[in-house]
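Feature annotations, reproduced from TrEMBL:
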type	residues	note
SITE	Asn34	site 'Discriminates between blocked and unblocked aminoacyl-tRNA'
BINDING	Tyr39, Phe90, Asn92, Asn138	tRNA binding site
ACT_SITE	His44	active site, proton acceptor
SITE	Asp117	site 'Stabilizes the basic form of H active site to accept a proton'
Amino acid sequence: MFCQAGRQTVNYAPVMDLLRTKNVAIKLIVGLANPGAEYAATRHNAGAWYVDLLAERLRAPLREEPKFFGYTSHITLEGEDVRLLVPTTFMNLSGKAVGAMASFYRIQPDEILVAHDELDLPPGVAKFKLGGGHGGHNGLKDIISKLGNNPNFHRLRVGIGHPGDKNKVVGFVLGKPPVSEQKLIDEAIDEAARCTEMWFKEGLAKATSRLHTFKAQ
């Protein structure tokens, strides 16, 4: 169903700090989204598409859990207990769900991986990142706030492209990608799911190297 991975030249310098955290044990994987059928197929929900795929691949269906303000599941990867979470809050309140689950299970920020849509990457590309700002993404902004203003959690940036005009960003992220772009996004998410499993099996360095050289065709 998916195309063969493309290859591209990569500058690894910006990810060296991330690679040094090779043995990080991720305990919570979050996919950001807006709730409701009207938003399900919009670009802003790309993070949730990734968590949905992980849950499907690992046969761990998501179920609504009101105390965590989201859909959750529990998986085991290479002996590690990992929680999956898709908040049912609106995007700008994502931290409410993440904070609740992190507090309940005593999960530290650097044990969290948050998947989100990324305007600065094209469709067909996804990349891991550790820490940094929110880049104007309201979901990340609220998570940072609810984690005690700590931005040092892992991110999976799922490329959706940019409309080319900052005044069109809101309509763009809340719009549905055309079929050709959706195919590229789906392929990148599929590769990201495979690389997430590789992270647990072979370490973050190998998973990052593979994901950061992938470009859907």
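Every residue gets a Cβ built from N, Cα and C, even glycine.
Predicted automatically and left uncurated, TrEMBL annotations should be read as such.
The maximum pairwise C-alpha distance among Tyr39, Phe90, Asn92, Asn138, the residues recorded as binding tRNA, is 16 Å.
Long-range Cβ proximity for Asp117 (site 'Stabilizes the basic form of H active site to accept a proton'), meaning a same-chain Cβ under 8 A and a gap of 6 or more residues, is found for Leu32, Arg43, His44, Asn45, Ala46, Gly47, His137, Val158, Ile160, Val173. In terms of local Cβ density within 10 Å, Asn34 ranks first among the recorded positions Asn34, Asn92, Asn138. Taken residue by residue with DSSP, Asn34 (site 'Discriminates between blocked and unblocked aminoacyl-tRNA') is part of neither helix nor strand, so it is coil.
Closest to Asn34 (site 'Discriminates between blocked and unblocked aminoacyl-tRNA') in space, going by CA atoms and restricting to the binding-site residues Phe90, Asn92, Asn138, is Phe90. Apart from the site residues Tyr39, Phe90, Asn92, Asn138, the chain places the Cβ of Asn34, His44, Thr89, Met91, Leu93, Ser94, Gly139 no farther than 8 Å from the centroid of the site's Cβ atoms, the recorded tRNA location.
Phe90 (tRNA binding site) falls outside any helix or strand according to DSSP and counts as coil. Secondary structure from DSSP puts Tyr39 (tRNA binding site) in coil. Counting only residues at least six positions away in the same chain, the Cβ atoms of Asn34, Pro35 sit under 8 Å from the Cβ of Phe90 (tRNA binding site). Residue environment of the residue listed as 'active site, proton acceptor' contains 22 other Cβ atoms, counted within 10 Å of its Cβ in all protein chains.
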